[in-house]
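Asker: According to TrEMBL, the protein has these features:
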BINDING   2, 3, 4, 5, 6, 133, 134, 135, 136, 137, 138, 139, 140, 141  ATP binding site
BINDING   48, 53  substrate binding site
């Protein structure tokens, strides 16, 4: 059930045109930037988008320009973990990494303790309005999110087509506090 849903939603997302992804991503970015938790955050972790995910590049550039500290994940396949690394220049600090997703170049790796992060922008395949998240199946964020500080805010960015009534959460799945789509900001009570 979960595997079929994941496959269908990824296919639907991949069918979106570049223009549609960009237009909807801009609406989502505006909603995110209006969120008080985001505006007040000093240290923000962003995912680097790929394969028609909600785009984060412009958000990262604006956050850096506003003097916020920005970290992005380095994926360690062998241990299925994420290492947050601070970047100073986007996309200049980055190069192709695991699965072709941009990651910091070796000389630009600046590890940050997860307990310092104020806001984590979380990717995913599908979400429900309770903040449950279906990821890509590797459990990277499910292992990472509990390591952030207790009052950190976890925010998922998603297109409406990724929203479902049920994403079949399992015990280890980590929910998010907000899901932001091109149409709404969902404050999740989990």
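If you go along the chain as it appears here, the first residue is 1 and each next one adds 1.
Using the three backbone atoms N, Cα and C, a Cβ is placed for every residue, glycine included.
Keep in mind that TrEMBL annotations are predicted by a computer and have not been checked by a curator.
So that I understand the layout, could you describe where these features sit and how close they are to other parts?
Answerer: In sequence order, 73, 75, 80, 81, 82 are the residues near residue 140 (ATP binding site), counting only same-chain partners six or more apart with C-beta under 8 A.
In this structure, residue 53 (substrate binding site) belongs to neither helix nor strand by DSSP; it is coil. Residues within less than 8 Å, Cβ to Cβ, of residue 53 (substrate binding site) and separated from it by at least 6 positions along the same chain comprise 13, 47, 123, 157.
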Asker: Return the single residue from the binding-site residues list (2, 6) that has the minimum number of other CB atoms within 10 Å.
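Answerer: Sparsest of the binding-site residues 2, 6 by Cβ contacts within 10 Å: 2.
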Asker: Taking the Cβ of residue 134 (ATP binding site) as the centre, how many other Cβ atoms fall within a 10 Å radius?
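Answerer: Result for residue 134 (ATP binding site): 22 neighbouring Cβ atoms inside 10 Å.
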Asker: Let me know how many other Cβ atoms fall within 10 Å of the Cβ of residue 4 (ATP binding site).
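Answerer: Summing over all protein chains shown, residue 4 (ATP binding site) has 8 other Cβ atoms within 10 Å.
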Asker: To the nearest whole angstrom, what is the C-alpha distance linking residue 2 (ATP binding site) and residue 48 (substrate binding site)?
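Answerer: Cα of residue 2 (ATP binding site) to Cα of residue 48 (substrate binding site) measures 24 Å after rounding.
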Asker: Would you mind pulling the longest C-alpha to C-alpha span across 2, 3, 4, 5, 6, 133, 134, 135, 136, 137, 138, 139, 140, 141, which the record has binding ATP, in angstrom?
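Answerer: That value is 21 Å for the farthest Cα pair.
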Asker: How many Å lie between the Cα of residue 48 (substrate binding site) and the Cα of residue 136 (ATP binding site)?
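Answerer: That separation, Cα to Cα, works out to 14 Å.
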